[in-house]
Amino acid sequence: MSLIWRYISRYNSVLFFNVLGAFGFVFVELGLPTMLARLINGTIAGEGRGHILQITAIMFGLAFVGLVGRVIVAYTTSRVTTNMVADMRDDLYKKIQTFSHEEFDRFGVSSLVTRVTNDAFVLMQFAQMMLRMGLMTFIMMFASFFMIARTSPSLSWILLPAFPVLLIMILVVGKKSQPLSDAQQKNLDNINGNLRESLSGMRVIRAFVREDFQAERFETVNTLYSTVSKKLFRLMAWNQPLFSHIINLIIIAIMWFGSGKIASGNLQLGNLTAFIEYSFHALFSFMNFAVVFMMYPRASVSAKRIREVLETESSISPNETGITETETHGYLVFENVSFAYPGNTSTPVIKDISFTAQPGQTIAFIGSTGSGKSTLIQLIPRFYDVTKGRILVDGHDVRDYNLKALRAKIGFIPQKALLFTGTISENLRYGKGDASHKEIEEASEISQAKEFISRKPDKFDEHLAEGGSNLSGGQKQRLSIARAVVRKPDIYIFDDSFSALDYKTDASLRARLKKETGKATVIIVAQRISTIMHADKIIVLNEGEVVGQGTHKELLKTNQIYYDIASSQMSKEELA
Ligand SMILES: Nc1ncnc2c1ncn2[C@@H]1O[C@H](COP(=O)(O)OP(=O)(O)OP(=O)(O)O)[C@@H](O)[C@H]1O
């Protein structure tokens, strides 16, 4: 509730009209039976046509006010709740953007998607119910009781037993539905996760002819979701008919006792009619209020999930007031750096690594798979923070930098090239919005992408599908390199970014890149010896430790692991 209030209270003036509309509506709904009672009583008492006309005119007027009240409530409710959910999603998105990879790993991408889409939607539905019905029924309930007591205090007692019964029903349903709502949202996370994985991995699924297997997996999570949903809806399904049944019993009782009172001359017919109407309003308001209350557990689960995201502080602080300018550019120092993934602190993936890199130098990392190469380079732009030791960029600890300024120094080219929906030029300008056409052309030339771009019908305006899926792996890698080159960073980090290129393109790209990155520091992770053999320094990693450093020639002589990798890829003549 507090989360919803935090958002809807931003629209106080619209809310004011909502409350006004609700009061107007209640006034009319209770005013009409009051007028009806006067009409019936007056007619029976033999008051003339003038009286009937007067009351009918007032009832017309009231009905019109009621219409306006309803429209105001519906309009203001829709306005406030759509704004609420839009604001909430904006805040969630902004928050998620600040998350480090640790938080992404912890929440899981699918769960974050469900929280932003479905959980926010559940809250919107709840807020709509609350504003449309909750407030109105609340006012209606109290106003009806007042009118009931005023019309016939001696009949009012009939209503009393209904409320504890209805209250117990509400509480039982509320208590039972909370864990079911919780499970329902978690199962929805699982459906999302399953769907994400299987849709993005469709090619692998087809290649391995595992459609049936995947369909079974989907069916399992889908069945789990529907089983829990059925339980929840079954619980809800009993409610409304039971409520209506109790209300009907009470109305019958009122008619029974009311008729007795009319017969004995203690109650007028018009007053009984109005009393029944008031009782309907009181009981139905209570029922509607109960519906809102029963939606509460589900909404509170969603609110909790949204609050979890909004209240999570990123383990990597953006350090807004940190260093933004440095005197030197491209100096990189690792000082006894160790790192363990969060939640796995007992087994460090990087162990006590030290090295230095200077502008103009190329430092390469090689090692068996899982030796920690990708992890190590992710520490430089602070995707994760070191567990021990420190990393210095241009003489300052990376943690002392303004995070954006630190990342602006770095051109990171990830292992898996990811492009965004849009044109090629939009993708190339991703890191430098104001780059000229000449700059993006130059960058694509350096990254050996210009040739295939020129063969595209729309050249740089060629549209790329989601994730760049209408390009080959090598083309995506070349564009992802060009995107980094456009920024002209101080430090380039290539995380096995040449793996999808053929040997010839790989060689020409590195030759052009060498010229371009003359003053920059280049860090390369690669599996291919040919990609890194010309590096100024090659660092051999094994199980997170440095087991050798030197040039290609030196390592061939001194390092067995390096020699083994090299000999598996090069001929004897090349090795000699
Ligand atoms: N997000 C993560 N959470 C926990 N452990 C991880 C995570 N990412 C990687 N690891 C583990 O860290 C170790 C090093 O992985 P890393 O990706 O750095 O190796 P790599 O040398 O780059 O391998 P490759 O050459 O296959 O890409 C591996 O044992 C891996 O299982």
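Using the three backbone atoms N, Cα and C, a Cβ is placed for every residue, glycine included.
Per TrEMBL, the feature transmembrane segment maps to 12-32 (among others). Same-chain residues lying 6+ beyond the ends of the transmembrane segment (12-32) with a Cβ under 8 Å from its Cβ atoms: 59, 62-63, 65-66, 68-73, 76-77, 79-80, 131, 135-136, 139-140, 143-144, 147, 277-278, 281.
According to TrEMBL, the domain 'ABC transmembrane type-1' annotation covers 19-298.
If you look up TrEMBL, you'll see 52-73 (among others) marked as transmembrane segment.
Sequence-distant neighbours of the transmembrane segment (130-149) (same chain, 6+ residues past either end, Cβ-Cβ under 8 Å): 4, 8, 15, 18-19, 22-23, 25-27, 29-30, 33-34, 73-74, 76-77, 80-81, 155-156, 159, 274-275, 278-279, 281-282, 284-286, 288-289, 291-292. Residues or ranges marked as transmembrane segment by TrEMBL: 130-149 (among others).
Under the heading transmembrane segment, TrEMBL lists 155-174 (among others).
For 241-258 (among others), the entry in TrEMBL reads transmembrane segment.
Marked as transmembrane segment by TrEMBL: 278-297 (among others). Long-range contacts of the transmembrane segment (278-297) within its own chain (CB-CB distance under 8 A, at least 6 residues past either end) are made by residues 1, 29-30, 33, 125-126, 129-130, 133-134, 136-138, 140-141, 144-145, 147-148, 151, 159, 162-163, 166, 169-170, 173-174, 177-178, 181, 236, 239-240, 243-244, 246-247, 250-251, 254.
The domain 'ABC transporter' annotation in TrEMBL covers 332-568.
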For this session: Determine which residues of the chain contact the transmembrane segment (241-258) at the Cβ level, with the cut-off under 8 Å and only residues 6 or more beyond its ends counted.
Result: 152, 155, 158-159, 162, 165-166, 169, 267, 272, 275-276, 279-280, 283-284, 287, 290
